[in-house]
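**Q** Structure in structure tokens, see below.
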Amino acid sequence: MGLPQDVSTEVAPATNIIQSDEELKAKPHKWYYYLWDTLDKPKEERWFMFKLDAALLTFASLGYFIKYLDQSNINSAFVSGMKEDLGLYGNQLNYMQTCWTVGYVIGELPSNIILTRIRPSIWIPAMELTWAVLTFCLCRANNAETIYALRFLIGLAESTFYPGMQYIIGSWYRREELAKRSCIFHTSGAIANMFSGYLMAGVYKLDGKAGFKGWQWLFIIDGVISLPIALLGFFALPDLPEISKPFYLTKKEVAFAQKRMELEGRQKRKPYTRAKVKKIFTSWHIWALVPLYVFFNNGTSGGQPVFQQFLKASKNPKYSVSEINTYPTTTNAVQVVTTLLYAWTSDSILKGSRWQPIVFGGCMNIICSTSLAIWDIPIKWKWACYILSGFGGGLSGICFAWAHEICTHDNEERAIVVAAMNEMAYVLQAWLPLLVWKQVEAPQYRKGFITVTFLSAGMIATALAIRLLYARDLAKRRLAQTIDHDERTSSDEETSGVGSDADLCQNKAPRV
């Protein structure tokens, strides 16, 4: 396969103020580095990072916000009158969620292939516009079958966004920057879930206005929010460093970005060959990182309205529609805080080590889901378990940051692994809820909470296995670099009588 979009701009030589990993490691950091790494960088790099964050990170977060808002609004609408108005019954909410997931799964791989042919700054915003229009259409759906079809098409359009943006983020940021940005990006999904609850509580007051029910107004307002953010993408998304031509970056800054990735060891795009494909699929990377994300993505109840159903089923006390939509946002608030805590801790205090937050989040999942599976527990502890389950929902950014680092020396492997992680997670999600999160079993969901317990245990075991395998890879790489350095030093001494002052390695191995 050739190199599509191979139109790298001719740029001026990059400035030489970029620090290597060894220099970053040796540099004493100011206290504010631990708040935001950009503050402790040289002036030129700081200005470049400010512009990149302002454009890429802002658009990524807003885009994921509307993606998650338009994905999860069906849950808020269902418990806010849609079920009764449309005469829905049984497991039809499950089927609506599954239709979205099937569309999402079908669209992911073709979308990532298209991203290698069309600029991301065109393809991704175009798909955002598509799902925004489809969200508007949901307000006019008057039966379950119409909702199934629209949800499938929304999932198909939204499949572009998350794996594509994770790949783009991993193509611009360095190791010490990556987890924070990846987790900020992911956090916007939890914020969207919170916002959807508050929005539903607010728009429910519009019930009857202009002939629309409250839950119909939710879809209308979601669409209104989505449209301008989609249009922003055509201008804000910078594509990839080697083909980037955004109006807000100079040619010198584009070269600067390319040099940063070179120092990080990130490889530029190369043709897909039979040998490369074989190498990718015989490496442990894809066979360990994909299960890690599958366990995480399906090892929470975040996609199911479990807290809402618990509140709706309560007879004493009886909760209002507003309370049913707003109280569960406390879980999302916990997820937002812990996601950012994981990111900052991993990037700074843990010096790039990723496994500890994953293990901690998995343990919290096990405690909460085991308690809820028992069900006959004190009501205060039950509330605590619903809320504290947010500790396990914010690990996506950490998982993807780890994948970017492990696959950093092969661009094509990195793209395939990132896409496969998300793809296979949703393959399982397409059918698993139909078995373990049946609406007819609400609000207890015993099968669902037991499943979360086992999947969380699998996530912990996989994270520990990846830690050992990655440490082995790094040891082999260091040995090879040492041998290469010794050979070059010996050669220099033989030819010139002086030793080489080449660095032992440009990319010092991260802590694992």
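Using the three backbone atoms N, Cα and C, a Cβ is placed for every residue, glycine included.
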**Q** For which of the residue intervals 142-159, 358-375 does TrEMBL record transmembrane segment?
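**A** Comparing 142-159, 358-375 with TrEMBL, transmembrane segment matches 358-375.
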**Q** When you scan the chain for residues with a C-beta under 8 Å from the transmembrane segment (415-437), skipping those not six or more beyond its ends, what do you find?
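**A** For the transmembrane segment (415-437), the sequence-distant neighbours (Cβ-Cβ under 8 Å, at least 6 residues beyond its ends) are 91, 94-95, 97-98, 101-102, 104-105, 108-109, 112, 162-163, 166-167, 170, 280, 285-286, 289-290, 292-294, 296-298, 301, 303-304, 306, 399-400, 403-404, 407, 445, 447-448, 450-451.
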**Q** With a cut-off of 8 Å between Cβ atoms, can you find at least three pairs linking the transmembrane segment (183-204) to the transmembrane segment (449-470)? Only pairs 6 or more residues apart in sequence count.
**A** no
**Q** Would you say the transmembrane segment (381-403) and the transmembrane segment (358-375) are touching, if the rule is that at least three C-beta pairs must lie under 8 angstroms and be 6 or more residues apart?
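**A** With 3 or more qualifying Cβ pairs, these stretches touch.
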**Q** Would you mind listing the long-range same-chain contacts of the transmembrane segment (381-403), meaning Cβ under 8 Å and 6+ residues beyond its ends?
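**A** Distal contacts: 166, 170, 178-179, 181-187, 190, 285, 289, 292-293, 296-297, 299-302, 306-307, 310, 328, 330-336, 338-340, 342-343, 346, 354-355, 357-358, 360-362, 364-365, 367-369, 371-372, 375, 414, 417-418, 421, 456, 466.
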